[in-house]
There are 2 protein chains.
Amino acid sequence: MQRSIATVSVSGSLPEKLTAIAAAGFDGVEIFENDLLCYPGSPAEIRQRCDDLGLAITLFQPFRNFEGNPRDQLETHLARARLKFGLMEQLGCDTLLVCSHVSPQSSAERDVQIADLARLAALAEQHGMRVGYEALAWGAHVNHYRQAWDRVREVDSPAMGIVLDSFHVLALGDTLDGLDAIPLEKITFLQLADAPMMQMNTLEWSRHFRCFPGQGELPLVKFATQLTQKGYRGPWSLEIFNDTFRAEPATPTAQDGYRSLLYLEEQTRQALAQANAPDIPEGLFASAALPHYHGVDFIEFSAGADDAPLLDAGLQQLGLAHRGDHRTKAVSLYQNGAVNLIVNREPDSAAAAYHERHGLSMCALALKVGGAPRLLQRAQAFGYAIYPPQAGPNERPIPAVCLPDGGLIYLIEQGGQAGWSQDFHLYDAPPPSDSWQGIDHLAIAIPEGMRQNWVMFLRSVLGFELESMQEMNDPFGIVRSQLAHSPENRVRLPLNISQSRETLIARAVQRYHGAGLQHAAFATRDIFSAVRAARERGMGLLPVPENYYQDLAARFGLEQAFLDELAAHHLLYDRDGQGGELLHAYTQPVADGRFFFELLERRGGYAGYGEANAGVRLTMQQQP
Amino acid sequence: MQRSIATVSVSGSLPEKLTAIAAAGFDGVEIFENDLLCYPGSPAEIRQRCDDLGLAITLFQPFRNFEGNPRDQLETHLARARLKFGLMEQLGCDTLLVCSHVSPQSSAERDVQIADLARLAALAEQHGMRVGYEALAWGAHVNHYRQAWDRVREVDSPAMGIVLDSFHVLALGDTLDGLDAIPLEKITFLQLADAPMMQMNTLEWSRHFRCFPGQGELPLVKFATQLTQKGYRGPWSLEIFNDTFRAEPATPTAQDGYRSLLYLEEQTRQALAQANAPDIPEGLFASAALPHYHGVDFIEFSAGADDAPLLDAGLQQLGLAHRGDHRTKAVSLYQNGAVNLIVNREPDSAAAAYHERHGLSMCALALKVGGAPRLLQRAQAFGYAIYPPQAGPNERPIPAVCLPDGGLIYLIEQGGQAGWSQDFHLYDAPPPSDSWQGIDHLAIAIPEGMRQNWVMFLRSVLGFELESMQEMNDPFGIVRSQLAHSPENRVRLPLNISQSRETLIARAVQRYHGAGLQHAAFATRDIFSAVRAARERGMGLLPVPENYYQDLAARFGLEQAFLDELAAHHLLYDRDGQGGELLHAYTQPVADGRFFFELLERRGGYAGYGEANAGVRLTMQQQP
């Protein structure tokens, strides 16, 4: 497997790009012409640098608008090609991408296009070069790979084949089902790009919103599987135009690019196995199978001596009893029913390091899984750090994988744990009367530039699924929220991103340096009694405007008595199309404004997370 | 004229929105339902607050998805309407916007839709309310106003008319040519919104990219003119969904909204006059005619004692002679041919105030105009500050209008000036041998959130035109550049915006607190001699990669001798479709990295500003 990426996919100067690409693990690189012409050294220097870095130059691109120009310009364009072939010789690259003409003024005559391409192929042959002809999705006359192949077949030169780019094929809703007609040796090169589904101009979509395989919604696995079944064994090369990747540091982007190929290879391997393919390439990446997820076991807060008492007060008011303290560390346990919270004030711990950077924070979550070792293996195989379990005498060792923001996911083997009493002195404090069912979801606030890093982590290592993006109206801008969840939907992590600077999310991200885990929602069996109990303990709840309830009445035709009950308990309400219901309340800010919590009750299989009520919540949280 | 705006158009809580809207000058407001239901007080309190602020509530909106629901749900939806009418009574608003159903599951039967709307109209009549039916551009069955009118005509109730929203009409490429068929009294309400032309899903376009009239590209003037000719004299109401407006402070957004109505009224008045309309409403805004622009007379730098010597050294190296000093102030004059630069170190001046906020900066430009008093009048009429001319004895008084970033545009009446010697001691230093022709263009760096403020200023007060947006590739993100220019193209101001944090532009905007005027380009008659002269004086020029010239050779088929000349002079090159050419060079950073300058020569009517070369320039400026 040669794993390659186009220089345009990452930020910086050409040498910076190459360094980041090589460090991420790639062994091939496409040189994007613009990057070369902005580079003050010679092509031979780039060739040497790539050699030193162990990078083969797999492709030089793009050569645009060649076929079907006015007849009197053909020689000029052939001269242009000659100069580029000369440049490629210096680069040590033998493959040129030629993309289909985008001007409606270019000739629509198939014969003219073929004749021009034949001239180019002949020239390439003279130079010992290969040309791959690519149908751009917005090409004026050639925009499907079948058309590109039609021209290339007629040219019939050993120096000319086609380039297949997953975006150009899949963005038009096309498939590789027409691949049978094309001889394997005529597939000169393969470019891979994913994208979110968007209804917009294809050129704009391609130039700004491509992303790595696994970060978008195109059927990349089927695409790669069909090509592999066909026998394609050439480079898999990423070509990603993405505004965020252009702006973020090259190193993490290149790392994610490499991971995206591994992830696509793994899925392709599975698809091939499922189809009983006779020949699965050995080079295709394989890792351990995904574990099963059984829910969130606990969440951990990083606290200091100053802020721990504030958090303690808030948690107890909410209904979490201080149930115990760690036998050897400054770590406390809070519980209500199946909900466990850890507050870690231990110096020189991972939590302390997190606290130093982010202040009082949720710094870790613990997942109950079946197959923790497999998950650790996956994390390492995809190049993510794992946290070495450093258990003291008689302590439970808990392994963890590192989140993109430096937080941790602990892995608790389902059925294997020894219980809290092994590590903690447990008190005899009676558990609160309102027994909570568990941690329903954990919202994660993410800086815009890191969204794709989180997505890559959640998809590749954890195998989580992503729902479609929701928009929430903060009174000071738009928040985009996307639910990531385990396949069985037992672990739910809404990812919240805001490009605006003044939204609640954006201010938290800025204030706490990339906020990470931000808000925890606890599931209750009886939300009314849970709310009453919390209020009796002195927990303030976010007020809800009377106007909101009047609108609920209009929208859902609710009974006045039920509305009065909701209002009396500060409860928000949502109902889905299948009659599933959510009743939920938010606390006033806890610990000097750092957190808020949510208590909720799901009825009848409601699967959302109350996103319809985010606007009223965000407005009330920011009352002047 | 009743000037109105929907609360959704600005940021903040409902009371904050209303305050900003009233302060901007509006006398009407549409209450967007979501804003009301997130407000913790009663509708009657909002009514009172609007009364206190002098705002009439012109519309309550939206009432969605009513017509054509399943038959057994009709009564539920009528009950929903009844609740909303009750709410509107408390608000003191008698007009409800009902927008067409967006669900494909709703009935496509015209008769069913009409029957449902008739029930709603009857209910409205009972409540003494009016309903305006609006065809959403993405309505499932009703998406053109002609269809909405078809239903409303059949309903035939005095309580029901149609709402015309410019976006919904114009986004589909429709016109108001069908207005003849609709009686005037059946136009219940008018909503106005502009938008840039974009090829994307109409719903997304509408929800995120609407802007105020004059900020976009829709034919709003024709739209408003046709309605006015028809006899419409009801409110003109802005309904703008815009991600930036949602995120920026409410006050400047509301001010721009008010200005946009004045600007649209002025243009509508002109269009009516041009069409010899018999009845031009008196209330339509009118201001002084636009002046004529004859170019940029000088630019002014704000400097302090520390940084002035650095700037002085850079200017002299570039080729600007220190030609004089102000008779009474710490202000110096630099000249080369028709290019004049002022460096202002005077304490307690406007320049000093600008310096305090932005550091060493270009703080003002002076335009040569025919009709300066008219421009001052326009600025004031549109609610912009003007700078009081405070001339000392024997000094030229120079009036100015304030730019959105606090900078100034001085106005020099063409033919009326007394020359520099009136205010300056001029030295006998010989002018530099290379005589420059003038200030070709001035690039303005703008924080993303302020782009629309600049556009409104440039369009409304100055009457400048805007070219389409260009994209430039900074190695650390995308820069969007839009050329604003005077109608005769004698004053050119490229506006540069970057959403990415690490581009050259974004870093300047951040470092200098909204950078404003950033980069000046000087036109020369002979770029080769101008460059040689600058280098002889010790000015360093930005290096240009050899690879760039090789690409020029391939793209334009240039002669090697000419390429060598370009390379020897560090010149970039561009050619347009008509054979017009640009030759231009950039300086190394001047004054400790604060500025760079550009020398250029236009040949054969080249009209751009070298945007094709921005990528190589930005990369070379950020060489590690």
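The backbone N, Cα and C atoms fix where each Cβ goes, and this holds for glycine too.
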With A:His519, A:Glu598 listed by TrEMBL as Mg(2+)-binding, which of these, A:His355, A:His358, A:His425, A:His441, is given for the same site?
A:His441
From A:Gln191, A:Gln215, A:Gln267, the one annotated by TrEMBL with A:Glu134, A:Asp165, A:Glu239 for divalent metal cation:
A:Gln191
Mean pLDDT for the domain 'VOC' (A:438-588), rounded to an integer?
94
Return the single residue from the binding-site residues list (A:Glu134, A:Asp165, A:Glu239, A:Glu598) that has the minimum number of other CB atoms within 10 Å.
A:Glu598
By Cβ count within 10 Å, point out the most packed of the binding-site residues listed: A:Gln191, A:His441, A:His519.
A:Gln191
Candidate binding-site residues A:Glu134, A:Asp165, A:Gln191, A:Glu239, pick with smallest Cα gap to A:His519 (Mg(2+) binding site):
A:Glu239
Enumerate the residues of the same chain, A:His441, A:His519, A:Glu598 excluded, that satisfy the criterion Cβ within 8 A of the mean position of the Cβ atoms of the recorded Mg(2+) site; list them in sequence order.
A:Asp440, A:Leu442, A:Ala443, A:Pro494, A:Ala520, A:Ala521, A:Phe597, A:Leu600, A:Tyr609
Relative to the mean position of the Cβ atoms of A:Glu134, A:Asp165, A:Gln191, A:Glu239, the recorded divalent metal cation site, which additional same-chain residues have Cβ within 8 Å?
A:Gln61, A:Leu97, A:Val163, A:Leu164, A:Ser166, A:Phe167, A:His168, A:Phe189, A:Leu190, A:Leu192, A:Ala193, A:Ser237
To the nearest whole angstrom, state the Cα distance for the pair A:Asp165 (divalent metal cation binding site) and A:Glu598 (Mg(2+) binding site).
45
How many whole Å apart are the CA atoms of A:Glu598 (Mg(2+) binding site) and A:Glu134 (divalent metal cation binding site)?
52
For A:Glu239 (divalent metal cation binding site), just give me the three-state DSSP call.
coil
